[in-house]
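Record features, source TrEMBL:
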TRANSMEM  B:21-45  transmembrane segment
TRANSMEM  B:65-83  transmembrane segment
TRANSMEM  B:95-112  transmembrane segment
TRANSMEM  B:118-139  transmembrane segment
TRANSMEM  B:197-215  transmembrane segment
TRANSMEM  B:241-265  transmembrane segment
TRANSMEM  B:297-318  transmembrane segment
TRANSMEM  B:324-343  transmembrane segment
Amino acid sequence: MNGFLGDWIGAIPVFAAPYLLATTGLIINERAGVMNLGAEGIMSMGAVAAVIAMLSGLGLPAAILLGCVAAVGMTLLFALLAVVLRLEQVLSGLVIFAFGVGLSGVIGDSFANQPIKALGPVFPSAFAGMPRWLAHLLDQDPLTYFAFILPFIVWWVMERTELGLRLRSVGENAPAADAAGVNVMAMRIGAVLVGGIVLGLAGAHLSLVGSQVWVTGMVSGRGWIAVALVTFSRWNTLRAIGAAVLFGAVQAVIPLLLSSGLHVPIYLIQMMPYLATIAVLAASGMGRLRASAQPEDLARPFLREERR
Amino acid sequence: MPYRLVLSPRLAVPRWLTAATLIGGIVFGLFCCAIFLIAFGVPASDLGNEFVLYVFGNSAGLDQTLTRAISLTLVSMSVALCLRIRFWNIGVEGQLWMGALAATAVSIYQIGPWFLRMPLMIVAAMVGGALWCGLAAVAKVRLRADEVITTLLLNYVAYLLAQDLLYGHWRNQADQFPTTPIFPKFEQLPNFGGWHLHYGVFIALVVVVFCWWLCRYSRFGLLSKAVAENRTASRALGIPVARITLTTACLAGAVSGLAGFSIISGEEHKLTQFVGNDFIFPSIAIAYLGRANPIGVLIAALAVAGLYTAGDSLKAFYQLPDTVVVTMEAFLLMTVAAFDVFVRYRISILRQRPKAPVAVPVEGQKA
């Protein structure tokens, strides 16, 4: 298990974690009925803020925190447009996408292409006795561990607590939730902000663990893939783990193929995650499963004064 | 909370209000851009120069603005057409790449005699773009795959395909740069004497006029209006919703493909890596600012092209990165869209009186 396959399996968690974090964050949004297409821009801001913190000599915890703060800033703007002003959610998301990608490019310009110290493993020596691939698989940094724990916490809150029930009711039928005394706007803003924190973590993971450097445009469509993975995992954070591992595996095989010395068409290989996403999106749209899982009031602004 | 913000939908919107909010949104957006640029080190006194004089005032700036406006008008027309049936086309860059690739293929494999070469390139570009957008539309109609995501991801696929060809089969063998050889003269759109501006202007104008006719006077335009208003009702009335969606998407893709042709044949004179650079968000911003109306799109495209000319001089003089222009566009679209709230809703702040305590009779207690 040590050659190619072992390297591949060992690399999957690091590539899967940003997908998992982003998908989990977006599921929190969408269960409350808010479709956030700005994920790509929010993740860019998280990634660049974490790198700027590292290069300014702040520690790793501060870098992660700053990544989240930057992401929450973008998310607040999104909440203002989509939830408070009731703009069309697709348009609000696209604006945040462009704003985040653009602004991260501007503020990160003087910090670009400078390597940073990586976020290291939590237990460097705990897996010494195991086979190399297994040690490689289990020995991860704190953000990656957190990425794989968070879906369980979110699932439990969603399905087993009153808070989760209220949140889901806002996403399924906002007028009914409103009539039952749930503050729809507060619920949606809260869900968007919490989702934003998680998207910030996803961005920070990309730059602190994945690339260990900031390059303009480095999120390169991962935010959009995460939006598609929400549909693929049918708005369930536990299924999101499987979806993220699948896409992590696709992404992890690319650098291995490129460094294997085999003669492979580099650019065609890089298409894989995008083509896989389209395939998965088409496949998950076909069945009746999707219709039953999609929150009924997804992307529909709620205004008490408006007749539905 | 003693105060409550109430938004009540307006039934009739006065014309002056629509105009006032649009102007208000643009002015506020430009104000945000100015603050943003000052924060990144551009002296406030230079802003007027950069934005007005350089962009429209001298012939070099005007030339650059008008040339840029050709491709911007075409891709934005593509988004606007789709927006009219509420289909989000976020994939103009990919469609533009596919159009450019198809046109280049006609040139490289020398299809047709020389006098038919350019018409063939134009047709190929339209087919290439139409296929790329049509793919997303088929996935939406048949498989219910969300077009926002599929069109966007197809951008990356088209870009990578172009890279593969530029570093592979189509690479210029003479100098090993990742570009194709320069096209022969009869495959190049002519320039206006001494300017960069080329005959692609006529392509853009023809497309605008055609779309204006299509949206305003054709049966197709009327039916697509119905589809935009209510898909279910249209279906019940027997309007072929799926066919209209597919046709619109293919038409829009063809228009984006034309933008690709105009860039390689009129500006670059060869296929390079920079053909489809930075069109996704500008096209959406222009289509929205132009209210998805062909004439509005033309005006908005000219204005945003000016923003790019200003951006180029900002890059040169103040070392600001490329993404500064996209950030400014985001500011503009954000404020214009946010100001729209005044058009759609009547906004009032209601004061809530504290609730009077209600006396609840308790059982067994004498009043």
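The first residue you see is number 1, and the count goes up from there.
Glycine is treated like the rest: Cβ placed from N, Cα and C.
Owing to the predicted nature of the structure, the values given are computational and were not obtained by experimental measurement.
Segment contact holds for the transmembrane segment (B:197-215) and the transmembrane segment (B:65-83), given three or more CB pairs below 8 angstroms at sequence separation of 6 or more.
When Cβ-Cβ distances under 8 Å to the transmembrane segment (B:241-265) are tallied for each of B:21-45, B:95-112, B:118-139, B:297-318, B:324-343, the top count falls to B:118-139.
Counting C-beta pairs under 8 angstroms (sequence separation of 6 or more), the transmembrane segment (B:21-45) reaches the transmembrane segment (B:297-318) with 3 or more such pairs. Just going by CB pairs under 8 A, the stretch in B:95-112, B:297-318, B:324-343 that sits most against the transmembrane segment (B:65-83) is B:297-318.
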